[in-house]
């Protein structure tokens with residue numbers, strides 16, 4: 001299937017039938033500026049979960065104009081000292097940019113080698129697709145990052161959530 005010269009003709013319309021890249025396409029006559037806009041990453045969200053971090057994703061489900069473009073974006077806000085537990089992005093490379101704070105980040109290579117670094121405001125770190133990785137706010141203040149991802153639906157596989165579901169008692173381990 002070839003992609004038309006104006007990718008906007010492939011915008012997601014969750015009510016249509018014809019699909020491209022897993023999502024229904026929207027008629028060009030129905031396209032609006034709202035199909036290309038998302039304000040959800042502009043400021044930190046209130047973190048009220050037990051993890052102490054919050055991921056806000058801007059993917060094709062939030063921005064229909066991303067359909068077929070192969071990109072998405074996210075913001076992660078961390079309370080002080082919090083670990084974003086080991087996880088993978090099964091369908092995307094992740095480029096992390098530190099907005100505020102400092103983090104210890106790392107991943108495990110396919111040769112079982114740990115690659116890690118401390119990064120701070122204005123710095124970037126890259127996680128390859130499918131590799132187990134983590135981020136930890138190593139500071140005593142909140143931290144925030146932006147992440148660029150090379151897939152419209154990058155997916156996340158959380159090792160902790162898979163091994164220790166909410167209803168599982170850790171005393172049996």
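Residue numbers in this text run from 1 along the chain shown.
Backbone N, Cα and C define each Cβ position, glycine as well.
What you are looking at is a predicted structure, and each value in this text was computed from that prediction instead of being measured.
Features as listed in TrEMBL:
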BINDING   84, 94  oxalate binding site
BINDING   87, 94, 133  Mn(2+) binding site
DOMAIN    39-172  domain 'Cupin type-1'
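Mean model confidence for the domain 'Cupin type-1' (39-172) is a pLDDT of 92. Residue 94 (oxalate binding site) and residue 133 (Mn(2+) binding site) are 10 Å apart (CA-CA, integer value). Sequence-ordered, the extra residues of this chain that approach the Mn(2+) site, with Cβ no more than 8 Å from the Cβ center of 87, 94, 133, are 86, 88, 89, 107, 127, 131, 132, 134, 135, 156. A distance of 12 Å separates the Cα atom of residue 87 (Mn(2+) binding site) from that of residue 94 (oxalate binding site).
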